[in-house]
Amino acid sequence: MALSRGAVLFFKLLACLLCLFDLSHGKKQFTLKNLPPLRKASSYPTGCPATYDYIVVGGGTAGCPLAATLSLKYKVLLLERGGSPYGNRNVSYMENFHIGLMNMAPDSSAQAFVSTDGVINARARVLGGGTCINAGFYSRASSSFIQEVGWDEDLVNKSFPWVEEKIVQWPKIAPWQAALRDGLLQAGVAPFNGYTFDHVSGTKVGGTIFDETGYRHTAADLLAAGDPNNLRVLLHASVHKIVFDSRQGRLKPRAIGVQFTDENGRRHQAFLNNKKNSEIIVSAGAIGTPQLLLLSGIGPKNHLKSHNIPVVLHNKYVGKGMADNPMNSIFIPTRSPPRQSLIETVGITEEGVFIEASSGFGQSSESVHCHHGIMSAEIGQLSTIPPKQRTLEAAQKYAQNKLNLPKEVFHGGFILEKIDGPLSTGHLVLIDTDVRNNPAVTFNYFSHPQDLDRCVYGIKTIERILKTNRFSELAADGTGFSMERVLNMSVQANVNLIPKHTNDTESLEQFCKDTVITIWHYHGGCHVGKVVDQHYQVLGVSGLRVVDGSIFSRSPGTNPQATVMMMGRYMGVKILRERLGRAAGV
């Protein structure tokens with residue numbers, strides 16, 4: 001018997017609801033055996049290849065969960081400029097964390113850059129993005145952040161667990177992390193909130209993407225939650241331009257495809273199909289996304305013209321509002337070298353300052369044993385370097401000199417303080433038109449006085465921690481730590497290319513400015529209301545969306561990876577809900 005029109009509509013609606021229920025609850029059995037094939041970009045066919053519903057540019061922290069989710073119903077092409085994290089020991093093992101940041105090879109998983117402020121930094125260049133080169137700490141954004149960005153709290157509360165059940169674990173807390181926990185509580189950063197993913201004031205132990213063996217799980221693992229029949233992943237695919245249809249008669253330019261270069265330097269093009277809702281989604285990170293928009297002709301017209309880039313759309317805000325949470329670290333010498341640990345414990349203060357810690361070195365034969373590498377805090381002061389001489393080569397040369405230092409100076413750990421926010425912002429501009437090269441990035445650290453005030457508060461909090469019984473027990477002579485001594489050591493321990501005031505640590509403001517380093521939490525460049533709308537679709541064009549940290553005006557939580565991975569899943573489900581709802585007539 002034929003179904004009535006009403007019955008057909010009912011079953012369509014029911015099918016749609018069941019689909020969305022599965023999307024929200026992630027009922028599919030998760031295993032890495034379901035990973036799609038990871039192919040090199042050179043395998044992309046010439047001639048007339050397939051078209052796609054979605055092309056995701058950037059297989060990073062947001063891009064991987066986003067592509068996996070969209071592939072459950074649509075054809076998705078994921079283009080990643082780096083290689084695979086699997087089989088890369090510098091990515092996969094905590095003991096090689098610092099080696100990965102030191103690797104300056106053209107195909108390394110971390111691409112170094114120096115901000116114009118003189119702070120040494122790194123961008124991820126590997127499938128899985130920043131989750132492959134970070135310290136592994138997992139902590140959600142605050143509820144106030146979720147409300148500020150206007151996300152659906154119910155979907156957020158389903159998207160976080162979707163990530164967590166696949167790649168997040170509770171750490172077996174390391175001795176240095178336990179010491180910080182006790183010191184924070186004795187110093188008044190209370191209450192103790194136990195093990196929790198939530199962002200709550202006081203002291204807590206968060207999650208980690210390292211398992212008990214020290215093996216790192218990354219956003220790339222989340223690709224296994226997708227449909228391998230719908231998901232095509234290409235590695236070493238450097239997207240250098242978004243292709244627009246700007247024919248006369250169109251109300252605004254429409255993104256229709258991308259141009260990318262493979263590992264052999266050959267150029268390819270990939271295109272969307274002709275369906276109305278198909279999109280290019282850029283998830284290349286806070287550095288890569290504004291850079292790609294500029295290279296594609298979206299940005300300040302005078303800047304584009306200075307690089308002979310045809311203007312698709314004038315937008316003076318692309319690359320503006322760049323920010324990085326400034327971090328300062330205090331080196332704490334101890335009577336014996338502590339076991340290696342990355343971030344597991346955090347103190348969240350009401351003043352907008354976060355206190356964390358790291359310690360030790362890996363124990364493998366290939367690990368760094370006598371310094372942390374040029375990309376993170378280490379012992380040995382860089383001499384005053386004029387701005388035009390602030391190069392990675394200069395930093396690397398100076399780092400080599402640390403090999404001659406006695407190993408005793410590395411017996412200790414670091415306590416870190418970093419600023420929530422910050423209020424200081426800068427900008428990003430192109431140096432050239434080669435997408436493989438870093439743009440020029442300025443963060444203007446501590447240009448806002450409130451950021452500097454909060455840094456001083458953070459240093460004073462660390463001083464209170466060092467005066468606690470817990471830390472007095474760790475001192476070499478058992479009598480505690482002189483703040484003047486550890487500050488003077490720490491001026492020498494923090495590697496950046498900023499002129500130092502080595503004999504003046506009486507001014508904590510000057511100490512903050514001299515020793516600022518990064519913890520890789522840069523964001524901004526494509527702000528909501530200026531570059532993208534509330535749905536993260538790029539203003540002034542169609543078929544183009546941004547899903548990554550470049551849309552944030554401040555970094556979420558104490559460490560952003562949890563929220564950025566969640567955002568990839570969240571936006572994937574949200575896009576599917578909207579598109580499937582329309583298809584079903586909802």
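Note: Cβ is positioned from N, Cα and C throughout, glycine not excepted.
Within 10 Å of the Cβ of GLU80 (FAD binding site) there are 32 other Cβ atoms, across all protein chains. Residues or ranges marked as FAD binding site in TrEMBL: GLU80, ARG81, VAL126, VAL239, TRP520, HIS521, GLY549, PRO560, GLN561.
Summarising the annotation, TrEMBL assigns disulfide bond to CYS455-CYS512. Its own atom aside, the Cβ of CYS455 (disulfide bond) has 27 Cβ atoms within 10 angstroms in the protein chains shown.
Residues 38, 58-64, 80-85, 88, 91, 94, 97, 100-101, 107-111, 153, 156, 160, 164, 168, 197-199, 204, 206-210, 216, 218-221, 233, 235, 285, 342-344, 346, 356, 358, 519-520, 554, 556-566 of the same chain lie 6+ residues outside the domain 'Glucose-methanol-choline oxidoreductase N-terminal' (124-147) yet bring a C-beta within less than 8 angstroms of a C-beta in it. Annotated domain 'Glucose-methanol-choline oxidoreductase N-terminal' per TrEMBL: 124-147 (among others), in sequence order.
Confidence across the domain 'Glucose-methanol-choline oxidoreductase N-terminal' (285-299), taken as the mean pLDDT and rounded to a whole number, stands at 98. Under the heading domain 'Glucose-methanol-choline oxidoreductase N-terminal', TrEMBL lists 285-299 (among others).
Here TrEMBL flags 1-26 as signal peptide.
The full span of the recorded FAD binding residues, GLU80, ARG81, VAL126, VAL239, TRP520, HIS521, GLY549, PRO560, GLN561, taken as their largest Cα to Cα distance, is 25 Å. Around the Cβ of GLN561 (FAD binding site), the number of neighbouring Cβ atoms within 10 Å comes to 28.
Each residue contributes its Cα atom, and for CYS512 (disulfide bond) and TRP520 (FAD binding site) these two points are 17 Å apart.
Note: the Cα of TRP520 (FAD binding site) and the Cα of CYS455 (disulfide bond) are spaced 17 Å from each other. The Cβ of VAL126 (FAD binding site) lies under 8 Å from the Cβ of GLU80, GLY82, GLY83, SER84, PRO85, ASN88, VAL91, SER109, ALA110, CYS132, ILE133, each of these being in the same chain and 6 or more residues away along the sequence.
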